[in-house]
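Take a look at the structure below.
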């Protein structure tokens, strides 16, 4: 891999992708302490003037692909997963509001009593007014992951970067939890991630970002304050560039 001198600067508008498994604290359901810690970090960033949109997975409740392996029809199981993302979105909204941050949830499936419909222009206006916008229900379509949703939403709202929060420090040549000799990669291109089959997010998400020159920063959410560091442009995690 060629070495590159990639400069990092602070970001004004970001799309934060959170894995649903993190919200469960390693178990099925929601861990309020985890959601509170995440909300506190997001609130800290918003108070600096940054504009933050969020996409959350639903893996702490349902994973469509895994349910399919147990015999459930894939499209139905995917819709169940989408409902899980809405539950996570509402939980994060509640904790953000407790931090004094005005928040809107927009869903790709109409749920008028609990959320707004996904309208890109309205989402942009909310962000301009300093509100956090949380996108629930994925793309509203089966077979599309929340990683792909994060890439698509980032492009549509005009975000400068996708901040992909993980339970590891960034991208490695192998799973660092299974292979202690795995090499950390501070910088890499979208194409290299796809060609080398690095298991960071699904290939569709990386292809979408590559085609539209959207950078991705993969970083460790478990380190307190890392969301603020990522938004500020500090050298943490792995920066994926075109």
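Each Cβ is built from the backbone N, Cα and C atoms, and glycine gets one as well.
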Same-site residue for UMP (record: TrEMBL; known: 58, 139, 140, 141, 142, 143, 144, 145, 146; options: 78, 169):
78
Cβ atoms other than its own within 10 Å of the Cβ of residue 175 (ATP binding site), all chains, total 11
Suppose you look only at the domain 'Aspartate/glutamate/uridylate kinase' (12-220); what would the mean pLDDT be?
94
For residue 18 (ATP binding site), which residues in the same chain are close in space, meaning a Cβ under 8 Å from its Cβ, but six or more apart along the sequence?
38, 54, 55, 56, 57, 88, 92, 165, 221
Please state how far apart, in Å and to a whole number, the two most distant Cα atoms are among 58, 78, 139, 140, 141, 142, 143, 144, 145, 146, the recorded UMP-binding residues.
14
Report, in whole Å, the straight Cα-to-Cα distance of residue 20 (ATP binding site) from residue 58 (UMP binding site).
5
